[in-house]
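Input: a single structure, listed below in structure tokens.
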Amino acid sequence: MTDEPRNASIRMDALQAHHAEAAARWATRLGLPRVGETDFALQLGDQGLQLVELGDKAPGPVRVDFVEGAAAHRRQFGGGSGQMIAKAVGVQSGIRPRILDATAGLGRDAFVLASLGCEMTLIERQPLIAALLEDGLQRAELDLEVAPIAARMRLLTGNAIDLMQNWQGEAPQVIYLDPMFPHRDKSALVKKEMRLFRPFVGDDLDAPALLAAALALASHRVVVKRPRKAPAIEGTKPGYVLEGKSSRYDVYPKKKLEGA
């Protein structure tokens, strides 16, 4: 699903001795060495699982945290159902669609929609990112306030196109896509997460196939998040567009969403 990412080396570390056993299980599951000189490390500590680049000028670690920080702020002050993403997927009075986020990443958008009451299924194809997301969801389930939101988020790991083409059970009403765009803007290079993930993920170059699979599966609509000035994904044209300052949502309607 990507161009060929550069060959980055990574090991598994336990930051405290009492996490050694759990770190060993992650290492076995992900096929990571426990020792050796590497470019990156997946670390397990008291704050959970985190990915960090090693070296003098490396940025800090990245972890998934749905309880505190940016996720908590957006949950409390983010604008609720008036947010553009909510409008794009069809959230309105009496309507909370079942949504598949086929490009979950660190789960931020899925968490926003789950916090608004949507039942979410998430797909993440990169095992390291999926591990961070799984760990973040497990910690969220331990928080009294956030646990009901996390309970609405189900994580699948694998190739989104394959999973959508072989979908079992009731189809999602809405499929949400946020393909990693080949960034040319130099400012994007300084973003910590982009810098960390690019060696493992690369750019999504088969977005047209992803969109086609989504359109075939979704019962009501497909929504694609894009940089504001980026072209639409090749293939079917969006029915309408919601545009913000830096990004936009291309909406492909199939059927009107109705309340229960």
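Any Cβ shown, glycine's included, is placed from N, Cα and C.
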* S-adenosyl-L-methionine binding, same site as Arg108, Asp109, Glu124, Arg125 - Swiss-Prot member from Asp56, Asp65, Asp178 -> Asp178
* Would you identify the secondary structure of Arg108 (S-adenosyl-L-methionine binding site) according to DSSP, in three states? => helix
* Take the Cβ of Arg125 (S-adenosyl-L-methionine binding site) and count every other Cβ within 10 Å, whichever protein chain it belongs to. => 21
* Asked: What residues, ordered by sequence, lie under 8 A Cβ-to-Cβ from Glu124 (S-adenosyl-L-methionine binding site) and sit at least six positions away in the same chain?
  -> Thr103, Ala104, Gly105, Ala130, Leu133, Leu155, Leu156, Thr157
